[in-house]
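Participant: Would you mind keeping the following structure in view while I ask a few things?
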Amino acid sequence: GGLILFAIFSLVMDVFKIGYYSSFYSCLSAIKIIYPIVQAIFVVVQTYFLWVSAKDCIHVHLNVTRCGLMLTLTTNLAVWMSAVTDESVHKAHSKLKKNMTEEIFRWLLKGNLPLLGMRSSSVDECNCKSQICQIFKNGYFWLYPFNIEYSLFASAMVYVMWKNVGRFIDHHSHHIQRLKFRLFRRTFFVGIMLGLIILVSGLGVLILYEVQVNSSTESSKKSQALTMYYIFNIVCLSLMSLVCIGGSVIYRFDKRDMDRHKNPTRTLDVALLMGAALGQYAISYYSIVAIVASTPRDTISALNLTYALLMIAQHTFQNVFIIEGLHRQPP
């Protein structure tokens with residue numbers, strides 16, 4: 001289900017890219033327009049393949065199957081790298097155009113036309129001036145995260161399929177647990193409501209923060225927006241840390257055994273979980289170093305330091321809680 005959701009948004013992004021590049025196709029290389037078309041076909045075919053075959057455990061043509069799955073995995077990683085690079089270049093050009101005069105930007109653009117895949121020496125022909133072109137341009141830029149997540153999502157699923165090729169499952173230790181969600185039973189409803197409240201509040205705070213920081217020229221309003229942003233995140237991180245600690249304590253009173261059997265899906269889950277946390281650990285670490293080394297120290301710096309420390313604590317407690325839960329036997 002998650003794969004299909006990201007696939008739909010990736011297809012919309014490809015449509016927007018095709019529309020954007022078609023607006024000035026006369027000064028672009030053909031590969032610029034062909035690439036999103038081929039990528040859309042790849043997304044459709046791969047999504048259908050994973051939807052039909054994700055649970056298959058292949059025991060015939062093992063080498064051919066492994067080769068095909070590994071080729072698919074590396075293709076997804078290549079698409080992911082391409083999307084990240086394209087998004088970074090787009091952000092760099094946006095900042096360049098915002099911070100420099102139009103004449104300097106055009107001069108630099110003329111000098112870099114071969115790097116951008118443009119064939120014409122006229123910059124005016126390659127500018128996105130129409131309203132529909134601007135919509136396509138902004139649309140595909142905001143949809144990049146969905147395409148990035150789709151590539152990672154598909155890579156993880158293909159990797160698990162690759163690990164399961166030729167695998168024999170011990171049916172004595174294989175438990176089938178059917179989850180039954182009852183919305184108004186016990187604390188399930190309360191958890192969903194609290195989560196939705198935090199989600200909506202977070203979106204509201206993020207929108208207010210972006211509007212205040214980008215539109216206001218007064219430093220006092222920017223400081224207020226930063227203060228609001230940090231206080232909200234500090235409260236959320238504190239609550240999440242307490243909840244994860246409480247969940248780990250509850251596990252100590254649980255009488256279920258730990259599942260120590262080999263499981264490629266669980267192993268990948270743990271590896272991705274720890275790998276993703278390393279990035280946030282690094283950001284928090286460098287933030288702490290920068291805050292401690294900087295002067296003067298004001299309220300924003302104190303809030304930023306608290307936020308960075310809580311981010312490390314929250315990710316640690318959350319990872320411990322999730323990993324313990326992944327290794328629990330079903331009831």
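Here the Cβ of each residue, glycine as well, is placed from N, Cα and C on the backbone.
These figures come from a predicted structure and were not determined experimentally.
If you look up TrEMBL, you'll see 33-52, 64-83, 141-162, 183-209, 229-251, 271-293, 305-326 marked as transmembrane segment.
Neighbours and distances for these, please.
Facilitator: Among residues of the same chain six or more beyond the transmembrane segment (141-162), those with a C-beta under 8 A of the stretch's C-beta atoms are 2-3, 6-7, 9-10, 12-13, 16, 43, 46-47, 50, 53-54, 56, 66, 69-70, 72-73, 76-77, 79-80, 83-84, 86-87, 90, 264-265, 268, 272.
The list of residues near the transmembrane segment (183-209) in space but at least 6 beyond its ends in sequence, with Cβ under 8 angstroms from a Cβ of it, reads 225-226, 228-229, 232, 236.
Sequence-distant contacts of the transmembrane segment (229-251) (same chain, at least 6 residues past either end, Cβ-Cβ under 8 Å): 198, 201-202, 205-206, 209, 300, 303-304, 306-307, 310-311, 313-314, 317-318, 320-321, 324-325, 328.
For the transmembrane segment (271-293), the residues of the chain that approach it from at least six positions outside its boundaries are 156, 301, 304-305, 307-309, 311-312, 315-316, 319, 322-323, judged by C-beta separation under 8 angstroms.
Remote same-chain partners of the transmembrane segment (305-326), defined as residues 6 or more beyond its termini with a Cβ less than 8 Å from a stretch Cβ, comprise 230, 233-234, 237-238, 240-241, 244-245, 247-248, 251, 266, 269-270, 273-274, 277, 280-281, 283-285, 287-288, 291-292.
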Participant: Taking residues 6+ outside the transmembrane segment (33-52), which of them lie with a CB under 8 Å of any CB in it?
Facilitator: 3-4, 7, 10-11, 13-15, 17-18, 21-22, 25, 72, 75-76, 79, 150, 154, 157-158
